Amino acid sequence: MMAKLMITVMMVLLLSLQQGADGRSERWRKNQMAASRIMRNLITARGDPPRFCVHKICYEDSECNQWCTGGCNPTQGKCDTA
């Protein structure tokens with residue numbers, strides 16, 4: 001786990017150091033956005049985004065992850081966001 005985190009941090013640092021010269025500014029900007037998104041996810045330790053809740057089949061609320069704020073929808077048998 002620590003090695004994976006270190007690799008991710010190194011990747012983010014490399015993306016952050018890339019220069020936006022010679023017509024590469026758009027790619028550099030996209031890399032900056034990706035790097036900041038990765039760091040934000042690492043800092044907040046987020047799991048799956050909410051869009052994956054509707055695909056998870058469940059029988060009780062405890063089977064749904066933290067993003068499925070609606071818990072288990074008994075009529076559909078799937079996790080729900082609200």
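Glycine is treated like the rest: Cβ placed from N, Cα and C.
Among C53, C58, the cysteine that Swiss-Prot records as disulfide-bonded to C72 is C58.
Between the alpha carbons (Cα) of C64 (disulfide bond) and C58 (disulfide bond) lies a span of roughly 7 Å.
Each of the disulfide-bonded residues C64, C79 was assessed for Cβ neighbours inside 10 Å, and the highest tally belongs to C79. For the pair formed by C58 (disulfide bond) and C79 (disulfide bond), distance between Cα atoms is given as 6 Å, rounded to the nearest Å.
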